[in-house]
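> Annotation comment: TrEMBL describes 876-896 as compositional bias 'Acidic residues'. According to TrEMBL, the domain 'COPA/B second beta-propeller' annotation covers 345-588. The domain 'COPA/B TPR' feature in TrEMBL is assigned to 629-772. Residues annotated as domain 'Coatomer alpha subunit C-terminal' in TrEMBL: 820-1234. For 842-896, the entry in TrEMBL reads region 'Disordered'. Look at TrEMBL and you will find 5-46, 47-88, 89-130, 131-164, 205-246, 249-290 tagged as repeat 'WD'.
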Amino acid sequence: MLTKFETKSNRVKGLSFHPKRPWILASLHSGVIQLWDYRMGTLIDRFDEHDGPVRGVSFHSSQPLFVSGGDDYKIKVWNYKLRRCLYTLLGHLDYIRTVQFHQEYPWIVSASDDQTIRIWNWQSRSCISVLTGHNHYVMCASFHVKEDLVVSASLDQTVRVWDIGGLRKKSVAPGGEDPFSRHMPKEMRGDDLFGGGDAVVKYVLEGHDRGVNWAGFHPSLPLIVSGADDRQVKLWRMNDTKAWEVDTLRGHVNNVSCCMFHARQDIIVSNSEDKSIRVWDMSKRTGVQTFRREHDRFWILAAHPEVNLLAAGHDSGMIVFKLERERPAYAQHQGTLYYVKDRYLRAYDYGSNRDSPLISVRGARGGNAGAPRSMSYNPAENAVLVNFDAEGGSYELHVLPKGGGGGAEPVDSRRGVGSSAVFVARNRFATLDKGAHEIQIKNLKNEVTKRCAPPDATCDGIFYAGTGTLLCRCEDKMILYDVQQRSTMAELATPSVKYVVWSSDMSLVAMLSKHAIVIANRKLGQAVTVHETIRVKSGAWDDSGVFVYTTLNHIKYALPNGDSGIIRTLDTPVYLTKVFGGVVYCLDRDGRNRQIQIDTSEYMFKLALIQRKYDQVLAMIKSGALCGQSIIAYLQNKGFPEVALHFVKDERTRFDLAIECGNIEVALAAAQELDDKDTWHELGVQALRQGNYQIVEFAYQKTKNFERLSFLYLITGNTEKLRKMLKIAEMRSDVMGQFHNALYLGDIPERLRILEESGQYPLAYLTAKTHGMEEDASRLETILTEAGCTVPEVDGTGVLLVPPEPITLGDNWPLLTVSKGFFEGVLAGDISASDYVMEEGEDAGAGWGDDLDLDLGGDEGAKEKEEDPLAGLGLGDDDEREGDGEDDGSDAGWDMEDLELPADLGAGADDGADAGVSEVFVAPTAGVPVARRWTQKSAIPGEHAAAGDFDSAMKLLNRQLGVVNFAPLRQHFIDAALATHAAMSGVTSAPSLSFPLGRNWNSDLAPGVGCAPALVSSLPLLEDRLKLAYKTTTEGKFGEALKMFQGIIHSIAVLLVETRREVDEVRELLGIAREYASALRIEIKRKEYKDDPKRAAELAAYFTHCAMQPIHLSLSLRSAMSIFFKLKNFNTAAEFSRRLLELSPPVKVAQQAKQVLQACERENKDEVELDYDSRNPFVVCAATFTPIYRGTADVACPTCGARFVKEQEGTVCPVCNLGKVGADATGLVCSPEQRK
């Protein structure tokens, strides 16, 4: 059995596969219906409207519907797209056992404990026929796939076959009208409920000695299978006139609960309450396989209608499984593929598409080995090794005939015991003997020539790694092992590897595990890992060095640097054998060779970009074969925003990319199209970084940012425009703006006027007196004296504040000098692409073009007058203003929209007048910050917090632990972020430089990979804090100890550990902290009930049931013993005394406990009735501090695991102060090992 998916839940009583999607319905004994995606392993939805167990469930073959029947006597029809019940069918008078949709007609058949079978029309929502005849519970009923028959099984020990041909003729009008397009005729809506001859008994099959639990039709043959409480599975055959028993299959040792025919093989599958699933050969009528569970009884089976999948429901969930492997064993060499199909080794020629059988493969030990697992081919000797899983591992060695073909017997054929047989030399092969724990080297005569111990004690598989070397699979790593030298050459930590694929030149290797692919070089260095959420099935190397692989539903690619993407979607899984050009050669699960066309342009573009083959990149760009957001995002992340700019038409995206690569021209054009305030502000910031203050001025004008504009004129020394800004502020009645501009200009009379007009006479007096304006000072002094105000004193040391003259008074500051990007020069036509054809290994910086400068200061040769940027504000020269006549002060004078950009600002390039001179305009592209790398492929909240990305850390904690209250984690986040960065001061007045701090650095790290972030907290540190919390608890400082334990829980939320063992320790630590936090809250609460001895005694009793260290448990028992003894509850006090004595306390404590026990045994009664039953297992609700006895519905905190009564669902957990009680969560990820 190959288990594909498993769930843990209440008892599963009904199962149904979706015919097209990878979904399965499971109906539970608790009344819930679960919809699972068994491929992704996720719960899609749950439906819980039934009252009581749901025993039957069935998907419709084409509509988005399913039907369910339960112990509430109701049949419900659901629409899973709408996620609700559409309607309920009522009529049965007892439990409903099974329900099923008809393949063609709008019918549902249901079986019930009311001894009837009913057929319903789900379109008209009415019962159209009732089949009566059974005289006990009807356990199941189902339609035949093709014929008008129904089979039913009952506890009356019979199986009945019903002919519903009359019902079909009566219900479906002649002429072939689609039954789904209309309702039933009026006369069929339940008028003839118990008669009419629509459905009649055709056969009654008697032979079982006890009640029959299940019966089902064969999909194509006239056969029926049934299983009963007599522990037997019976096979029946029928014809047009009669039905009879063919054989009985014995082997189950308890009631057979379900049985069915396999859809694609001649076998019968049955399960039973004896906790086993059995597989029977139909032709030999014998059992061939048995699968057992330790503790769970099986109740139901389901088979997928199209795929080779089965599902079984048991006491604690369900499993989806296959009976045997469907992957064909294959090996390819040059232009030929060797593979096994139908017990024949076949050869397929890629060039001619010729497929021919070579030899028959007998299989290990008489052919019961099942499908072969893998194959190894030796071209030198024309020999193959075929591996089987049977008997702990076996192999067959075949030397192929030179002529080949025709299914001839091999020239030489041998077999042996050993797993993972692979050729390691021209005439040698290696096998792993797990029993003797050794690697055996054998010759082609199957004789052992050498033995050596595996490089690791956990080695359980070997793979070919070149002549004389092997890749050994160990528990958590792969080891490159030299067989001749018996030495380890290299090691690499990996998840459990299933298949190894080498490139044609043996320079790269891909190691495939269940959900990951590890790509490394010949010496297992420069390893990268590609993670997948669904199963990886196969892979092959492209000639260009790209690994193409398949999952269950995609063909994907992986580049040597770890980047991956999707090539195309698959309808059914395939197994790649070769990739050549744009064609993928593969085998399907039926062993057929297929060719699939793929588009390689995306991964070839990315590969060329990584390998710096810019001429190829340019050719792909100009061909226009690439498009899409994924390419744009990829180029942006890899530091090529100027290339992404070529693909983008959206102005917002163009603006963002232009800003990132420093292309002010494109950013300016995009900003003019977008024309919003934020865009102009961002453009101004970027232009200021480059020193292009003309565009900064224009951006500030567009946003009407007068304060920034004034400061810009100040630092550029443009006093003329500063005076204009002073007048604009006056028109806007902006007093502070006027004062600032007057201050910038050093205009004392203007400052004096502004202060006086605004009523600031003391400040005006100070200004006049300080700067020697005695006449104005005397006038202001008189005004202050008349007003009765104190005249300020002036010390006479003040000096005039005049802004310094700027050093440079040109059109622009010296622009930031950077090198021009390759793609911008070529795409703009300034540089020939042929100048950039790079040789292998050549530095990317070689041969770069001339620097260009973005000249925004006007063209000297144009002889055109430059427009005043402030002309649109309505402010010309002073003389012109005086001649304007009147100034009404209206807003029309400063409409910023009237400003026009100088004509030369928007120019994309020089007009050619001065082609010999060009200036640089592209800012250097920043690399990917190390902190961003930490978060790119990490699902660990602690790493995201360490990188400073608090938002993603909170999202991960919400998804993994259901955290909704992040306030307690604030300081933990800040500490984690500060601990991973160091600051170093730079030059004077410059900001300090921030450097990321990593951990586990070593010299073998690839350039640019970087280390994982440093940790502020560690497991040993938390263990020390735990010891301190224990000590504080012992000292009786419960409030302080509670904060310590809650702090441990908070620290675990952002903790990061390295190994799986440490993950287990973290979980154990979390459980300890939760138990202590819950216990201490109970004790603190007890002390609040000094006036209520009854409630205080209950809490003292609950305190003793918390999982604590023996010393603390002993203290809690002593306290409870004393409280109950004083309350005269002697019976319960005696129980505490006994529990205390079981802990072997100190002599003095033991003596006291014995005395209390003797006194209590004399009384042996409880005076006060309490809500406490020590004999009924319970947990204490962490919110209400009441017991939750076993079997009572409860909810839990997904963060710490504390338990609560159902009414507390949706509240914040008071134990950890983080999680939302009852929320769904996937579980904490605190180690990279958990994702492997």
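Every residue gets a Cβ built from N, Cα and C, even glycine.
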> Counting Cβ pairs under 8 Å to the repeat 'WD' (131-164), which of 5-46, 47-88, 205-246, 249-290 comes out on top?
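Ranking 5-46, 47-88, 205-246, 249-290 by Cβ pairs under 8 Å to the repeat 'WD' (131-164) puts 205-246 first.
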> Using Cβ atoms and a strict cutoff of less than 8 Å, what residues sit near the repeat 'WD' (5-46) while being 6 or more residues removed from its termini?
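Contacts of the repeat 'WD' (5-46) (Cβ under 8 Å, skipping residues fewer than 6 from its ends): 52-59, 61-62, 66, 68, 70, 78, 80, 83, 98, 299-306, 309, 311-320, 533-535, 552-553.
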> Within the repeat 'WD' (47-88), how many residues are helix, strand or coil going by DSSP?
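Each residue of the repeat 'WD' (47-88) counted once, the result is 0 helix, 24 strand, 18 coil.
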> For the repeat 'WD' (205-246), what are the same-chain contacts with Cβ under 8 Å, counting residues 6+ beyond its ends?
136-137, 139-140, 142, 144-146, 149, 151-161, 252-261, 263, 268, 270, 272, 274, 278, 280, 282, 285
> Given the model, what does the mean pLDDT over the domain 'COPA/B second beta-propeller' (345-588) come out as?
84
> Can you work out which residues elsewhere in the same chain, 6+ from the ends of the repeat 'WD' (47-88), have a Cβ less than 8 Å from its Cβ atoms?
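Distal contacts: 13-19, 23, 25-33, 35, 94-101, 103, 108, 110-112, 120, 122, 125, 305.
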> With helix taken as DSSP H, G or I, strand as E or B and everything else coil, how many residues of the repeat 'WD' (89-130) land in each class?
0 helix, 25 strand, 17 coil
> Please work out the helix, strand and coil residue numbers for the repeat 'WD' (205-246) from the DSSP assignment.
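Secondary-structure breakdown of the repeat 'WD' (205-246): 0 helix, 25 strand, 17 coil.
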> Count up the helix, strand and coil residues in the repeat 'WD' (249-290) according to DSSP, in that order.
0 helix, 25 strand, 17 coil
> Helix, strand, coil residue numbers for the domain 'COPA/B TPR' (629-772) per DSSP?
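Each residue of the domain 'COPA/B TPR' (629-772) counted once, the result is 118 helix, 0 strand, 26 coil.
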> Please list, for the repeat 'WD' (5-46), how many residues fall into helix, strand and coil according to DSSP.
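Residue counts for the repeat 'WD' (5-46) by secondary structure: 0 helix, 26 strand, 16 coil.
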> Go ahead and report the DSSP secondary structure tallies for the repeat 'WD' (131-164): helix first, then strand, then coil.
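Counts, helix then strand then coil: 0 helix, 20 strand, 14 coil.
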